[in-house]
Structures are given as structure tokens and as C-alpha cells.
Amino acid sequence: MASLEVELFGIRFENPLILASGINDKVPEQWIRAHEEGAGGVVTKSIGIEPRKGYDNPTIVELPYGLINAMGLPNPGWRGFLEMVDGYTFDFPLIVSIFGGTPEEFAFLAEKLSEVADAFELNLSCPHAKGYGMEIGQKTENVYEVVKAVKDATDKPVIAKLTPNTDDITKLGLAAEKAGADAVSAINTLKAIAIDIYARRPILSNRVGGYSGPGVKPVALRAVYDLARTLDIPVIGIGGITTWQDAVEFLLAGASALQIGTALSLRGWKVFREISEGIERYLEGEGFSSVEEIVGLALEK
Amino acid sequence: MASLEVELFGIRFENPLILASGINDKVPEQWIRAHEEGAGGVVTKSIGIEPRKGYDNPTIVELPYGLINAMGLPNPGWRGFLEMVDGYTFDFPLIVSIFGGTPEEFAFLAEKLSEVADAFELNLSCPHAKGYGMEIGQKTENVYEVVKAVKDATDKPVIAKLTPNTDDITKLGLAAEKAGADAVSAINTLKAIAIDIYARRPILSNRVGGYSGPGVKPVALRAVYDLARTLDIPVIGIGGITTWQDAVEFLLAGASALQIGTALSLRGWKVFREISEGIERYLEGEGFSSVEEIVGLALEK
Amino acid sequence: MLKRVELVETWEVAKDVRAFRFDERLKFRPGQFLMVWLPGAGEKPFSLAGEDIIVVKRVGPFTSRLFELGEGDYVWIRGPYGNGFEARGKRVALVAGGIGIPPLYALARKGGGAFEHVTLIYGARSKDELALMDVEDYVDELIITTDDGSAGRKGFPTDVLAERKGEFDQVYACGPEPMLRAVLRVMDYEKVQISAERYMKCGIGVCGSCNLGKYLVCRDGPVFEGPQLRGLL
Amino acid sequence: MLKRVELVETWEVAKDVRAFRFDERLKFRPGQFLMVWLPGAGEKPFSLAGEDIIVVKRVGPFTSRLFELGEGDYVWIRGPYGNGFEARGKRVALVAGGIGIPPLYALARKGGGAFEHVTLIYGARSKDELALMDVEDYVDELIITTDDGSAGRKGFPTDVLAERKGEFDQVYACGPEPMLRAVLRVMDYEKVQISAERYMKCGIGVCGSCNLGKYLVCRDGPVFEGPQLRGLL
């Protein structure tokens, strides 16, 4: 039987499928359930300094090929987060997503949350929160500074989550790598909007939002392919992964692990097991014994 | 009956639907047919200095939600183009797309082709041709220089076709406007790739290509919305427009005219009439007398 | 996908409670809900009382705005979402509290055929808050309770349920959380389906706002089987 | 969408012409074509000779690479594309030249039921270039011509057509362009369907490479009615 196990930055994952940040991952019970349902690891909702309520509804638009969302980074703040996880233990890797407005804020959060996080994912890419995410992460110098500050503040592995809303994502990846990031993850959502033709206005209360789901897959796959060709550190693939074939494409493009988000809304919890089983059948059918053997095979051609 | 007529930079279009560059527009017979089938205007395939054969096949990948292509700017060169159109006259606006590696090349082409072009569209955005298109058009200074050089070389209206593969498309739009562009068009295709999981290699001979079709619509609509909020010159909307509802969304987002490309491959020539008729029904049902009345209505909310 | 629908009828069914009928007949299961968008005012979830009806209590700015709308006005909907009740049992009780009535009204109307005998136990704070509509036509027995005794029996619907629970194969409940907890305790979490409520935003299992332990009310619910809720409610 | 298929049989049908059968049965109309991708070698269009067969002449690097493949090897296909022949007429002639035979072979096999009498007029440069396969089983009359007289009648298939055109309700033709032009002239562009060829790249109406006047061979064709081709061929 082909092995689905992967190891990244010294952490073992039962399989390469990780619950993406911001999807059904508000509380510990949901993280535990994700693992029960077949996820190899979990990224939490992004945690900031202060509690945030998030935007008013509508916060999501359903499209034929995905979703546009502008949640507004709702989160309990780091204190609330620590209270929330108090007393829980997790038998799977828990990656804590953090966001801040400055390198210092990121570093502060990493320090405060190092006890509970197996690794950190830095949200340098949320496209719809003023002063956070993409607004910081579109500049290579900021990516560098934030990663560096966090690396100085924690011994835990650090993943820089990058934005595709840029001319060349590899520049952002190189900045993260140079600053000591242990991995990059890509992509966060694409800048988008939806307008209702009868209301004649943007649907989201925030007007604009981030696009995810099957429709962004070709863009995400390209980002992963470009990053994997350029960087030495591992790339975690995110963006529209909905079927096991999608997952295999990302692995072949150089992703060492994958995050699943929107597919969970489209297809339910079963998506983790379906994708895992599909990858396993593929590996066996094509004569591979481990998922790690196929990572990046399409880069050589 | 609601009017579909629009006027842009002094040119009247029977309706706002224009055949996009690079789709079934190699020869004059195809442009004439596009008009017969209901297009209000036509943009030609991009014309350069020298003839180019384009890339080897595969040059296209069909996806569930669109296409990825890397044609490689095949074209007969400006001399071949002039020979090809010799003797033809057109009773609809003919917009000639041009590409060059420098502002001087763009200006040269505009000068040589001014006799046959009702307007020019500058290809500052093709994402898969080394030294051309996006490689130039991702930098605001280049956009400015190219537009300026072309404006100095021709009296015909000049449209800058912008790339979405950037952190903020409005910066490119502002550069074009400042240089005297008469309009911008957006978006060109998104950087993308497709990998065959059994061949374990990129499908396109050029490996990477540009993504178009329904899946890019939310990104294109956002680009148009942002541009229309920022610029004083008209915006021509392009990107995944497949149904009349899509077309209305773009108009409400601030597009003064629209280009149809991939939908022609997906749905055939009938797409022009279907979209026109849909817009007309919408205008009448919602109490508007002209398509120009709805341009940008969603910007105010 | 969001869809604009036109209101064809609206009427008052109790104090600060109105019914809204729109021009679109939805395929739905009782217990499922819609997201309703009023441009400029927001978007909220409402349980379907019928294939084309929602019943709404005025509680804040959104519902106040909705109450201003009448025939010919538009609302935007997406859904139905969630799982809905599973019609099960022959002699059943529907236990409704306050504005928890709409999904049970829908169940009485739509699920009626599958049941042999339906008892609706419906409680409200006072007489003028009872949103009965024509529910009497669809149940075999109607028992009203009010907190203040202004109609029916003074007390809670769960008082009635506690006395008669032995009669029912299945109990269906929707209402304020204290009532739902009481129903679960009375039934010892067995033979009961509960339509739960949590603060819902996206409605489609993305934002995670509506979690109830490891469940999401929008996706795993809003209807839960009693045993699922042990330790949670 | 691209799909990998396995070759289950390949065999020589004439000099430098091989048939390839794969493990996927396609729903198709005779005249429709596939795009065939060989990773690393390129992608080319081929007319379907059957639901699972293409017949290929070795003409360059791509086809040479294809000729190296045998049972158990893979090719990647997308399609079928294009419009295909419309089976019409009772007494019909199929006029094939050289490697123009596959779509007419398919028409003889699949369209046979609709026809009362099928005459295949098949010309090649010489005997060893005739890719007949088992087409004789599917036609009522087979007339061979060769340019050098090494088989059948010396001359062109259009010589035969010119003599006998009065017998046919409908003529179906595929082959080199001079032959197609001759067929069109013989028939005066009436009662004839022509499968045309142009340099095809995308196969799906995007690139415009395969234009034939205002038509695209990949989308409006490859089969054209005679009158459409007036002034074009």
C-alpha cells in the first residue's frame, strides 16, 4: 500500500491534506473533527492581536465555480484564542495562522502562541482587510521583515502564506525564503467582486472580496509550479483543490503538501477521505510507493 | 426599444460587444463574419513587426471553467497584415491589436497601420511571449512610455490592454491615462498552467499559458470595477463574459463596452446575438432606454 | 446562487410577526432555511414555513426593514440550506416555542401524510405572540401554553411534553434554547429531533460561526438527532 | 478535456499507413476528428475511422513517433470535434483520395443503414498506398483508381465520378485539395459534402488557424456542403 505520509519542516503529517485557514476552523472541536474526517493537519482561522467581529453579511457569494468571501478576519484575539484552546491536546499537527499590521505584531503573536502551535502560517495575503494580509504581503520587503521577525520570536516552523495578487509570486517566495521561512503556502484568494444585476450593487457588504474554489485552480497551480521551480524550501499548495486529480496535479507541480478549503463547503467533510483514497489509488496504479516520490515530477519536463 | 449603441473615443459601435483579440480573428473574412453574427466591433489578432509562427501544439488546454492557451503571438507581421487587408473595407469599427518589444516598435506599428485601423489596442498583457506583452506591461513606466509613443505616432484612438497579473491594475490604468490613452481594456489572461497527471508534465508546449473563460470572470469584473472607479477614460471589460447576465454585471461595474472571446469557442457565434438580446430585455424590463444609462451604476453603492 | 424574488403577499400573523410569501416555489424539506438579502440592510437566515413563505419576527434593523416591504417589493434569497427534519414515527409531537414555529408549521403541512397523529404543543410568552396561522388545519391536536396564562395553559410547552411523552414515537422541536434543552432532558435525548440555532453568517459551511461543538448548524443541522446533542445542549 | 487512452491494437493498412485502435469507444459522427497528443512530440488532428480507430499516414516526426507505439502504449486524446457528415441520399458515392479514406470508411460503416446503394471511388498514387482495410464489406460497389495504374483503373477518382455523377443523390468526398476542387466542379457544388482540410491547431475555434474564408474548418467543418464552398475551393 502506498504511503501518504509526508514530513515537512520536521513535522510528520499522516497525509498531505491540511484543512486551510478560514474554513470551518473556529474552535478546537472543529479542528479535531477535521482530523477525524481525514485531514492530515489543520490550520486555524487567522488570529490577531485584538478580537474582531468581522464584516456584516453578506460575507460570501456563491458562484458557479467557487466562492467570493470577505469575512473580515473575525477572530477572538490571541488572549481569547489561548482561553479557547486551554485544556485541549491534539494528536495531529496544529498550524496556527496569525495576522498583524506590523512585523512586531506578527512576532508578538508568534511568541504568545508558541506553546500551542506546532507551526505558524503567516497571513500575508488576505485580500480584504485594511492594513493586514495582502496589503502587507504584496511587498517583498514586508514579507522579508515579517518572516524575519517571527523567526526571531519563535522556534516553531514558519510558513509564509503568499498572495497571487502580484506580478510574480516567486519574488515574494524568495523574500520569505531569504528571511528564513521554513515553507511557503500559496495561494490565498484572488481579488474579486460580484455584482447583483437587479440590486445594481456589489453583493458583499465589503463590496470586494477574495475568490476561491475550482475556478482559481489553474492560477494556484501555476503559482505552486513557479514557486517550486524557484525555491529550496517546501511549497504547500492551496487553491481550488477539489478532486484527487487536482491534488495529484499540485503534487506533480511541486507541492509537498496541500490545503483544502472551499471544497469542504462544496463537497462536505468526505472530501478529505475521497482525495486521500484517490491519491493512493493513483500512486499504486502508476507504480509509486509513497506520495513523496511524485512531488515535483512535472518540474523536470 | 432600448438602444444598445455606444460611443467610445468618438467611434460609434452598434452594440457594446466587441470580438476580443486572438479569438477567431486572423483574416478579414472572420472579422466580417463576426460583425454579421452580431459583434459591434472587432479587435484583430495581435500584429507585430515580423511574422511569427507561434508555438507548437499543444497550444490550448480545455478546462471545466475555461481555457488555458499559449499561442505565442502567431501573426503575419505588419507587412503581411497590410497585404492581407488590401482591398477590404469594413462597415464596423476595426480595432487593430499591436505588440512590440519597445515603445518604438509599438509606435512604428501604429504609424504603419494607421490607415487601416479605426483604433489601436496595445497588447501590454499577453502572458506567454518572452519580451512582449505582460513582460512589458507589468511596469507602470513601460505602460506610460508605450502609450505615449503610440499617441505621438498616430491620431487614431489608443486602448491600452492591461494585465491582471499585477498587485494593483489601477496603477497600470493610471499610467496609461496619464500618457494619453483614450481607453483601457481589461483583463488579458491570468498566468496559469495545466499538468497532465499521467504524462506528469505540463500540457502546453510552452508549459505555461494564459487562463480565460468563465472561471476568470470574478477577477476581471473586479479589475473593471477598480479601474472604472479610478480612471476618467472609458474601460472596456474583458474576461469570461459568457452570458448576458455577465455582460450586465460588467456594464454596471463601469465597463463602457465589452469584449467577447472564449465564449465564442464555448458557445459559438450565436453568443453575440444571445448576449445583445439579453441586455436589451434587461434594459427594457428594468426601465432603461439605453445601455449607456447603466454603465457604472454599481460604482455608486 | 442569489436570486431576486418578488413578494406577492405579506400579512401579520402575531404581534411583531409577519409572513412573507414570494413568487418562487422552492423544493425544500421542513427545517431547511434560506438566506435573505436586503441590499443595504444585510443578509439573515430564516427557516422556511412553506415552499414560498417565511415567517419573521421583528427584532432589529434588518427585520424592521423587511417589515416595510409589501406586495411587489423584492427580496433576494439563496438556499434552501441545511438538512431538515426526517419525517419518522406515527404518533408524533411538534414542540414549538415562540418564533420557533415556522419549521414545525412546515412539517405539519408537508410531513403530515407520513404521520398518523400529530400533536402540536406551542408555547409563547403571551397570547398576542402566538403565530398560529392556519396550523390547526394540519394537526390532529393543538395544545397552547403561555407564560402568562393569557391563552391556553399557563406554563411551558415542555410541561405538557413531560406529562405525555409516553404517547409519542418521535418529537420534533424548535424554539428558544432553554426550551430545547428542556425537551432533550424530558426525552433523555432519544426519539427527538431538534432544530437548533446558532449565529449563522455564510450559511454554507465556510465561516464556522454557527458551530455547535464539532457540528455546524448550517451544514450538519439545523436539525439534529437527540443523541448528537448529548453534552452539547 | 484531455484523456489518456491505451492502444489495444495497431496494424499496417498500407505503405506508411497504420491503424491504431484504443480502449475508449467514442460517440462520434463520421467526419469528426480527434486531437491526439503525444507528450513531447506534439498534438495533431486525426479524422476518426471508427469509434475507437484512427488511421494515420507517416509524414513527419509526430507520426513517426506515433508509429513507434504499440499495444499497451498510451496516447492522449480530446474530441471528437467538428460537425461530421450528414447521411443524406439513397444512392451515394464516397470519393476518397489517398489518406482521405478514414472519414469515408467511417461513413460506410456507420452511415450504411441510411443508404440504399453505396459506391466507393477510391484513388491513390499506386497500389501500395491504398488503405482499404475491410471497407469492401461496407459498400455495395468499390472502384479503385491509381495514378500509375498499378491497381484498378489508371487515373483519378474524379474521372469516374464525372462519368457516373448522374447516378448519385449525394456525394461525400475527402482527400487532397485538387481532388476536392475537381469533385466540386464535377458536381457543380451541388449534392456534395466535402471534408476539408486546413492547418488546424487548437481544434476548438479559438486560434483561427484553420480558416477557409469566413469558416473555420474545426468548427464550421470539417464537413461543408457544396454551396458553402463556392468561391472558396
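Glycine is no exception: its Cβ is also placed from the backbone N, Cα and C atoms.
For reference, TrEMBL has these:
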BINDING   D:Cys202, D:Cys207, D:Cys210, D:Cys218  [2Fe-2S] cluster binding site
DOMAIN    D:1-87  domain 'FAD-binding FR-type'
Problem set entry | Non-site residues, in chain order, whose CB comes within 8 A of the mean position of the CB atoms of D:Cys202, D:Cys207, D:Cys210, D:Cys218 at [2Fe-2S] cluster | D:Met200, D:Lys201, D:Gly203, D:Ile204, D:Gly205, D:Val206, D:Gly208, D:Ser209, D:Leu216, D:Val217, D:Arg219
Exercise. Name the residues of the same chain, 6+ apart in sequence, whose Cβ is under 8 Å from the Cβ of D:Cys210 ([2Fe-2S] cluster binding site)?
Worked result: D:Arg198, D:Tyr199, D:Met200, D:Lys201, D:Leu216, D:Val217, D:Cys218
Exercise. Which numbers of helix, strand and coil residues does DSSP report for the domain 'FAD-binding FR-type' (D:1-87)?
Worked result: 7 helix, 46 strand, 34 coil
For this session: Restricting attention to the domain 'FAD-binding FR-type' (D:1-87), give the mean pLDDT.
Result: 96
Seminar exercise, completed: Listed in sequence order, the residues of the same chain lying six or more positions from D:Cys207 ([2Fe-2S] cluster binding site) whose CB sits under 8 Å from its CB are D:Lys201
Problem set entry | Tertiary neighbours of D:Cys202 ([2Fe-2S] cluster binding site) (same chain, Cβ under 8 Å, six or more apart) | D:Ser209, D:Cys218
